[in-house]
Every structure is written in structure tokens, then in C-alpha cells.
Amino acid sequence: MKKEVVVIGGGIVGLSCAYSMHKLGHKVCVIEKNDGANGTSFGNAGLISAFKKAPLSCPGVVLDTLKLMLKNQAPLKFHFGLNLKLYQWILKFVKSANAKSTHRTMALFERYGWLSIDMYHQMLKDGMDFWYKEDGLLMIYTLEESFEKKLKTCDNSGAYKILSAKETKEYMPVVNDNICGSVLLTENAHVDPGEVMHSLQEYLQNVGVEFLYNEEVIDFEFKNNLIEGVITHKEKIQAETIILATGANPTLIKKTKNDFLMMGAKGYSITFKMPEELKPKTSSLFADIFMAMTPRRDTVRITSKLELNTNNALIDKEQIANMKKNLAAFTQPFEMKDAIEWCGFRPLTPNDIPYLGYDKRYKNLIHATGLGWLGITFGPAIGKIIANLSQDGANEKNADIMLFSAFFRD
């Protein structure tokens, strides 16, 4: 079976690549090992949080994380063991936690955040129907020290709105008196990731993109400097261009003789109903404990915790209990009705810079992975970048790849 473009992976990055490649007139086939109904992209917080928000690795994060570990509130949990890559990842994470690297990354976040928002607008114009709100991201601070630190970065550009603890309750009625205040980052937005995924799937199917669900790619056939065949557990597929967007699963990446500095970070979310009068008015992030709380049509979702160096795909009830406990410290008592607990693995690089671009060996292979917790934020932008790259034909001819790919970042 021969295809023009094969996208391996049906998450937000894979679907966004399929969307933009189709827009260029290509015939696209998406291969997804599951049924496409509940992957990692579905469990995302839904934040489009590219603006005025630092990456995970930033100045002070190491000491802050150690302090939070003592209180069981740290955003990262490390399962230490005999895994050299974990220690390489941690070393790179620590090295990236400096002002110069953070400044550059935040500038890139802004550039590609606007591109993602443009792409979401295009999707809505194309008739897709999903929850999309451009009403800012409320950064809630529970430590006076970090609140004061954030206030020093705010300017009069209109991108920031500084709120007292009392004013914060107008946006986040559920908070209690244990908060210090908040900053509304006005340029940010949020979506319901499940609705985005379903709408994008439906649109792509309607315009002729082929989907091979429940079909797992298990290997490749190589010939000289090309991938001659994509081998699934059902068939062999040939393709002119192959886009590898398999997220946190390193198996296929390793089969292409690559081993990216990327960890599968296990993240958690709880989706529930709560009293309408207490629901957040916009997407919110408890900055000091790295917990997002996002309103949707009928429900609210909290997301938190990233575990590194674990392959356990089961929900850790202790982690769920810690999330609830940490949230309860800063909110009024309320009942989480019809709660749905979830966990999934995100492809996390130590500096939040993804692996994008043509493979160094195989000329018809393009990589698109490593967005970690920022898949919904940058997925549509990555799809556009990859489509443009396919026209350029080489990494060095595409400025976005040179700027935003880990292949070209120290």
C-alpha cells in the first residue's frame, strides 16, 4: 500500500500536522495504535499558555522544587533508579534554569503562541466546534515571595492585570483566604482539549484524510537514506513523507537510530462538576504548586503532577489524593461531583523545546515530538511549521525549525 504522507500518531500534534499538510493539498494518512478516543491530548489542561509564562526550567526552580518536595507539593516527582537518561535529563534541566535560556524560551513561546492562536481561529473558521475562550490565564500566588517576584516582571503593556486576594475571588470564587493575590495574563486562552480532538478528527475525516485506528506501527524498512516501508501489525505501507508524532513512546524513535533527551512524564487530571457559583471564570494556575484549574462547558478540570522515570500506566491514588489535598489548602470546601480521574504520559524535554525537523539519516522522515505539557498550546503551530518544512525540503531552509527545534538548541 502506497501513501503520499503518513502521520504516525493521532494526538494533537499528529492531527495538527495532518490538518496543515492537507491544507497544502497532500493526501494524508494518520496511523494511530489506539481508537483515537482517549489519548494523552484528551487529558490536557487545555491551556494555551504561551504568553508571559516561564517554562518549567527557569531561575530558582531547583530550590523551589526541593522546598515543595518537603511539603509533597512539587510539580515534578522523580523515581530515581538505574536510568542514565534520567540523570542526563536532570542535568540539562538544571543547566537550562538560567535567565538567558528562560528569556529566549519565553520569546519563542510568544512567537509560536500567536501562531497557534491563529491556527485555532482557522479551525473555527473551517467549521469546527469546540470550547475556546480568549479570556486570559489567572496566575494565583500562595507565597508572598513568589507573588512579589512576579509583580516585578509586570509592565503597563496590557498583558498583565494585577489583582489583590479579594479581587482574585471575582475570577476564582472558590479560593479561600490563604492566597496572596494573582496576575491575569490577558493574552492567554484555553480550550476543551477533548472537544478540539473530536472536532479535528471529524473535520479531517470529512475532507478525506484517511485514519487507520487500532493499527500499531512496529517497525520500519530502510533502504539507503530512506524509509522504504512503515510496518504495522497488519500491513506494510510505503510513503513519500513520514511524520513521526508518537509523543512519549520512544520505541519508534529508537528504531530510527535516534535517542532523544526526552522523558515520558506521567501527568494527572481530575474532571468533575462543581457548584456553578464557585466555578472559575477563566483558566487558572496555582503557580506555587503548579496546579491548573480550567472551566469547560459543564465541568472543571484540575491537572497537576509530573512523574519522571516510571512506566506504570495505572492511576496512582496517592497522587490523586495529594492533588486534592494541595487544592483544598487554598479553596473553600466543595464536592467534586462525577469525578473522572485520568493519567497519561507526555513527551517532556528538559528545556520545553521540542524535537522538530527532518531526520539526520532518513530523508523522508520528519520528527514532531517533545511538547510535554504544552501539546495543546503549541500543537497547531507545530503542524503548520512541519507542513512548511515539507515544502522547504531541509531543516536549514526553515527559520522556525532553526529557532524552535531541540536539534539546533544547546
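Positions of Cβ are set from backbone N, Cα and C atoms, glycine also.
Per Swiss-Prot, the feature FAD binding site maps to Gly9, Gly10, Gly11, Ile12, Val13, Gly14. Secondary structure at Gly9 (FAD binding site), as computed by DSSP, is coil.
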Give me the non-local Cβ neighbours of Val13 (FAD binding site): same chain, 6+ apart in sequence, Cβ-Cβ under 8 Å, ordered along the sequence. Ala245, Gly247, Ala368, Thr369, Leu371, Gly375, Gly379, Ile382, Gly383
When a 10 Å sphere is centred on the Cβ of Ile12 (FAD binding site), how many other Cβ atoms does it contain? 28
Around the Cβ of Gly10 (FAD binding site), how many other Cβ atoms lie within 10 Å? Please give the count over every shown protein chain. 29
Residues near Gly11 (FAD binding site) in space but at least six apart in sequence (CB under 8 A): Gly39, Thr40, Ser41, Ala245, Gly247, Gly375, Gly379
Give the number of CB atoms, excluding that of Gly14 (FAD binding site) itself, located within 10 Å of its CB. 29
